[in-house]
């Protein structure tokens, strides 16, 4: 009974029914699209072909219907279904009027195996119902009511379609004409919880199988997991240290070293071992640089080889083009036919185009080499570091960017507050309390952002004022340097004109703390440097700045010069204990008032 609804095998049905009209069953089964079978299992119509459909016009039942719950296609109106009388042991089934419309049915529930049967005779029993409907398939249960209807549950879904065929038949028990022994069958789909539960279980099973197949397919495409990293030990440490020295195993060893360090394997006992491994990793850098240099050399050689080959190809192209041009001259051109001249012209144009392309490529390579050479000549090997003024300018730019970002954040917070205010009227009372808390938090955040914005603006103004002050001081120092140069030139002219006053001038020069023009320039430069460092600077920092201008300047010379000029430079001590530091500050403006 599970062969898909095509062939209804009646061998398994324990029925020894006498059949008064054997052609009636054959016609009914043929209308269902099944091969007509007798009670003994022998075919009643040996020449029946299921592929041809039904002889009476009813389309055959689709075998895919049981699993998908598909209702059979409707019967075309121009093809009336012929139903015959069906004789059973205890009753007889009379077909309905073929001109009447087919009986209406409800929508088929998913996984339906239960049918509703109404219009039963009042004297009908479960045995008679079983006798009629077990021919459609295996019956699991019958629930009969006292009001002439029952529910029948079959073993498979396709059996329900066979039972629906009997809808509209009039049933008569035996040969009685009593009203209680007759009735009109109405078969329809029934909605049962057992059917729905089994269908849901089947769907869940199919979903599980689909997920399992999908998971297997995904695991098939997953990359293999990396090998596990061994735990640290002295033996493994020595093995990794040896691998770090081998170029072929370096990648694996460096990954193990990284994992050990991230795990926290470094302690006082293992620090020396880890230091030696890190040192080996550092030495690998030199090997990498050498390898890179070798590859660069190979690339340069390949470029040179390509350039030579390209130039040779261009020479041959020039020779071929020269042959075409010589052949185009009148002395040889007149002896060629028209077709030959056309071919020679086409070949000449093609050769010239290819030659021009290769020539442009070669010229591009040479231009690139010339540009690289010019870039190397223009590059200055010793780049000057940024001055303090440029550092202040970059800080001002950073503050500007921070100020803009804070303004944007402030606008975003304001927009959020406005949105919350608009939504506050629409929300319920419970939501109002939470939104009030959000409003308070946002207002607090807004106030904090405003305060921070004000601080940033104040700091921005201070930095701008400081930058202006530095520029003004720089101009003053430059003016001071020019005055000093003018004074020195005037003193030299006085010395040359009046020899009598030479001795007093020498005495004054010998008595002054600044003894030469070099020292005057040093004083001016140091004053400018210290003026942009209001908190002072150490003698080493000052000398490192001066040695960029002149590498011959020494620390002792600068310190002696600054010690002599007590009204211009002042030395102060800062810090406590081990952090004690000597700093020099510029005090020329105060010393000018004192002198």
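Each Cβ is built from the backbone N, Cα and C atoms, and glycine gets one as well.
In TrEMBL, the feature coiled coil is placed on 278-305, out of the ranges 278-305, 306-333, 334-361. Predicted-model confidence for the domain 'RRM' (113-192) is 90, expressed as mean pLDDT. For the domain 'RRM' (113-192), the DSSP counts in helix, strand and coil order read 21 helix, 28 strand, 31 coil.
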